[in-house]
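Taken from Swiss-Prot, the feature transmembrane segment covers 21-41, 46-66, 86-106, 133-153, 167-187, 194-213, 261-281, and the record attributes it to sequence analysis. Swiss-Prot lists 46-284 with the feature domain 'ABC transmembrane type-2'.
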Amino acid sequence: MNFKLKNLRLSRLNQEKSSSVTSFFFIQELFVLVKRLFIQLKRRPITLISGILQPLLWLILFGALFQKAPFRISNLENNYLQFFYPGILVFTAFAGSLNSSLPLIFDREFGFLNRLLVAPLNSRFSILFSSAFFISVLSFIQVFFIMLFGVFLGIQLPPFKSLIVSFFFLFLLIIGITTFSILLALLLPTHIELIAVIFVLNLPLLFSSTALAPLDFMPSWLQIISCLNPLTYTIEPIRFLYSHSSWLFSSSLFELSFFSINIGQSLIILIIFDLVGFLLFKKILKSIFI
């Protein structure tokens, strides 16, 4: 009896030790892969700069072009810039996430990805998590600069609690789009096809969301498409948080004849979107490389 108890304790100790060693190696892999991506960014800072300049141009040009458009959000009547600004924040994070697979597909074309896949990695998911972490940091840096410019234009920041929740919505979108972008890099043969798909998806996803116009201004068929767009479930909560000093997760974001949504439901939809992307990534990674 004592012998069995002793073996059981030794088995548990070995499992705990193995788990801690596994976690250590995973973090080490993650650190090295993320460090490599930041070294690439340091050598090619145009990625960071262009990710800031493009949304700024959209904010300045579209904000001026539709400044007198009769949109109304909360008590902010006829202020298109205030309406458009959350859409630009989301577009900044979305564009960076959509382009996140470009370094990976170049790694594959130059043979570096094959070296990673045959290396004794603790987990191949470190490839996904390193890209997601890097893109999250890069996107939040870009969003931070857009926020500073928005303050310069007279757009007030929301309360700290609302700001944290806004960042969390952006983080969920970044994770989901990054996952699907990396899936494209694994499935498409070369960077030419990937860039073509990115160009095809970029603007249609933006225009079919509520970034440029509210749902009330859209025809019925476009409202349905917009309700299927993950950007909408990031833009609408952030827009609400920017225009309301007090809110609840049950606060309604929009109501249509066939659909209504609140902040909490938007959060759940984005979490499901991320989980679906992660499960697809896991399945495709195994089918391709195992």
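Keep in mind that glycine also has a Cβ here, set from the backbone N, Cα and C atoms.
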Among the recorded stretches 21-41, 194-213, 261-281, which has the greatest number of Cβ pairs closer than 8 Å to the transmembrane segment (133-153)? 21-41
Can you name the far-off residues of the same chain, 6+ from the ends of the transmembrane segment (194-213), with a Cβ under 8 Å from a Cβ of it? 62, 71, 84, 86-88, 90-91, 94-95, 98-99, 101-102, 105, 181, 184-185, 188, 222, 225-226, 229, 231-232, 235-236, 239, 254
